[in-house]
Amino acid sequence: MHNFLHWVGISLPFFILLAFMVILPQWAKHHWECYHKKYILGLIGSSVIGSSLLDQKFTLYFVDSFCSEYLPFILFLGCLYGLSCGIHVKILAHPSPKWNTLSLFLGTITAAVLGTTGACVIWGHALLQLNVQRRYKTHTMIFLIFCVANVGGIFSSLGDPPLLLGFLKGVPFLWATKHLTLAGIYVSSALLGVYYLIDKKMYNRESLTKDFSSFSVQIKGVKCVFALVFLTFGVVLIQKYSTQTWKLCSGNMLIHSSDIYRISFLSLVFYGIQRKKKLLCFSSDILKELSWTFFGLFMCVVPVIQWLSTAQVRAFLQIKGKPKILFWVSGMFSSFLDNAPTYMLCVEIAGGFQKITTNELKHVAFGTVMMGAMTYLGNAPNLLVKSIAEHHGVLMPSYADYMKWSFLILFPILFVLIQLIPNISIS
């Protein structure tokens, strides 16, 4: 009991941070905008000090989290965002439900090829431009998060961070395409169908002149597309082939050569993007907001991850050999802990990459990718879409209000897939 209270105490800053992110932007927006950096730094400080007093090894855990997880993550996100800003997709069509739905479908496909972050930036700007005359745009941005920022990433190893991590850990490159495509088609089709009905209802409320013009797409910035592919494969190759490690602090801390090369590579790319900021229409404000948010999350979540990794918690969860429970557990954690570290954590709980079965790995991958859309915090592109939309004057729902959308629309679709339709599901 005493040990349990210690874990609760050092994990408290993370849950306080989540509560602040959910409550303050809704009830004290101006206060949060002015002082959110101080709140985040204060909670990080309390988490680091409290954990280190309990066990000095936590100091190394925090350093490792910052150097090998947060820094490469935010640099990679910044590079993806910056290069994607240089790709301009212009949709030449009337902003009708039919063409909006088709645009979301194309965005979902793009996410499988260029990754969810790049696809969100490209199609987020395109959809906002297409719907500039529309009064109701919030629902379109929410479904962009559902379809492009999350579901579209299920179709390939390059689509979403959890699947990319799995590939880097030895999962075959085409594994996700082979095992998860059918379930991904079901979820994306259901979401696009629901979106069409909602958008049609919203469209009928507006007094827009009916236009039956055709649909066409103009693409500019093809060089940035190749740069995105180069960036992604550069990170993959560094991670896969740079395998040297060095021990520090009496062997308690490992320095991986892949982290050094990856940070150096991403820093050079990001420096080049900063120099071409005006040409790429790159907004630093959006990235600054995201960097602070994820700085708080990556640091404060360290004690929580360590707690969930303990043998006592593994024994309590008892999810080995129960793939459906594994789906819901991984999905629940990925909704609040970011889906990339959750994927690795749940694989470890299930026995690691050497012992986990194919069926269990399917459920972990599907749960972390799909349910990363349940909250803004579940996947980095979710907050990116929110920031882009708000930057264009679209009123996005608060953290709590967004969850109403996800629980009313996405959750039932996933529940039916996992529990009631075994022939279509990933089982």
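Quick reminder: no glycine exception, Cβ is built from N, Cα and C everywhere.
Annotated in TrEMBL:
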- 7-27: transmembrane segment (TRANSMEM)
- 39-58: transmembrane segment (TRANSMEM)
- 70-92: transmembrane segment (TRANSMEM)
- 104-128: transmembrane segment (TRANSMEM)
- 140-159: transmembrane segment (TRANSMEM)
- 179-198: transmembrane segment (TRANSMEM)
- 219-241: transmembrane segment (TRANSMEM)
- 253-273: transmembrane segment (TRANSMEM)
- 294-313: transmembrane segment (TRANSMEM)
- 325-351: transmembrane segment (TRANSMEM)
- 363-385: transmembrane segment (TRANSMEM)
- 405-426: transmembrane segment (TRANSMEM)
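Taking every listed stretch (70-92, 104-128, 294-313) in turn, the largest tally of C-beta pairs under 8 A with the transmembrane segment (363-385) is reached by 104-128. If one looks beyond the transmembrane segment (140-159) by at least 6 residues along the same chain, the residues whose Cβ comes under 8 Å of a Cβ in the stretch are 100, 104-105, 107-116, 119-120, 123-124, 127-128, 131, 134, 166-167, 171, 173-177, 180-181, 183-184, 187-188, 191-192, 195, 198-199, 232, 365-366, 369-370, 372-373, 378-379, 381-382, 384-386, 389, 394, 396-397, 402, 405-406, 409-410. In this chain, the transmembrane segment (70-92) lies close to the transmembrane segment (104-128): three or more C-beta pairs between them fall below 8 angstroms, excluding pairs fewer than 6 positions apart. Against the transmembrane segment (219-241), stretch 104-128 shows more Cβ pairs under 8 Å than any other of 7-27, 39-58, 104-128, 179-198. Within its own chain, the transmembrane segment (294-313) is flanked in space by residues 7, 10-11, 13-14, 17, 40, 43-44, 47-48, 51, 58, 61-62, 65-66, 69-70, 73-74, 77, 333, 337-338, 341, 345, 348-349, 377, 380, which lie at least six positions past its ends and keep a Cβ under 8 Å from the stretch. Within the same chain, the transmembrane segment (104-128) packs against the transmembrane segment (179-198): three or more Cβ pairs sit under 8 Å, each pair at least 6 residues apart. Contact between the transmembrane segment (39-58) and the transmembrane segment (7-27) holds: at least three of their C-beta pairs are under 8 Å, each pair 6 or more apart in sequence.
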